[in-house]
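Colleague: What follows is a structure written as structure tokens; I'll ask about it next.
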Amino acid sequence: MAPLLGDNFPEIEVVTTHGRMKLPEAFKGKWFVLFSHPADFTPVCTTEFVAFQNRYDEFRKLNCELIGLSIDQVFSHIKWIEWIKEKLDIEIEFPVIADDTGRVAEMLGLIHPAKGTNTVRAVFIVDPEAVIRAVIYYPQELGRNMDEILRAVKALQVSDQNGVAMPANWPNNELVGDAVIIPPPISEAEAKERLEKAKAGDISCYDWWFCYKKI
């Protein structure tokens with residue numbers, strides 16, 4: 001069974017374009033995004049690799065690393081990365097897992113039989129404790145949105161640091177702007193206290209169960 005939200009990322013040793021690596025140990029103390037792609041030398045995957053590389057510094061500023069994966073041999077990865085450098089003048093700096101036997105893909109649930117035998121476009125967001133915090137799947141015909149993946153990483157970090165929840169489209173929510181959601185109270189006393197804080201201007205509330213604040 002593929003790992004689910006809240007599970008620890010499985011311990012695996014992989015072959016990559018940067019040599020052998022042990023996951024999640026290689027990224028100990030960091031967030032990391034593992035993303036799978038269907039195949040090397042394909043147009044949509046090429047646009048994604050360029051997009052990930054162009055935003056790589058933004059990920060690293062969030063203490064987050066990137067690592068790709070597909071069921072291709074490491075030689076294919078290397079030649080494709082060379083092609084991207086030669087033709088598009090983009091140097092791919094993050095490692096790419098060569099899962100030519102499909103072992104890692106099977107372990108992580110990256111092959112969806114109804115969509116073929118290649119890996120789907122999956123995204124695993126893993127925190128510094130090696131806990132899987134988000135999983136996103138895209139079909140082969142749809143490339144990923146870097147803004148959303150970066151937003152998810154940053155939002156999870158803000159949530160962890162402040163004990164809050166993040167609204168839709170944060171930080172540009174239609175109701176609360178760039179504010180964050182205070183988790184609903186779990187007792188009558190806490191609900192009353194919440195409304196008193198709202199009256200005092202410490203927080204804002206639409207109702208006792210829907211309160212938010214700036215951070």
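Cβ from N, Cα, C; glycine included.
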Colleague: Can you sort out which of C64, C211 is the disulfide partner Swiss-Prot gives for C205?
Modeller: C211
Colleague: If you count Cβ atoms within 10 Å of each one, which of the recorded positions C45, C205, C211 comes out on top?
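Modeller: Sorting the candidates by Cβ neighbours within 10 Å, the top entry is C211.
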Colleague: Report the same-chain neighbours of R121 (substrate binding site): residues 6+ apart in sequence with Cβ closer than 8 Å to its Cβ, ordered by sequence.
Modeller: F35, S36, H37, P38, E48, Y137, Y138, P139, Q140, L142, G143, R144
Colleague: Write down the Cα-Cα distance for C211 (disulfide bond) and C45 (active site, cysteine sulfenic acid (-SOH) intermediate), rounded and given in Å.
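Modeller: Their Cα atoms are separated by 41 Å.
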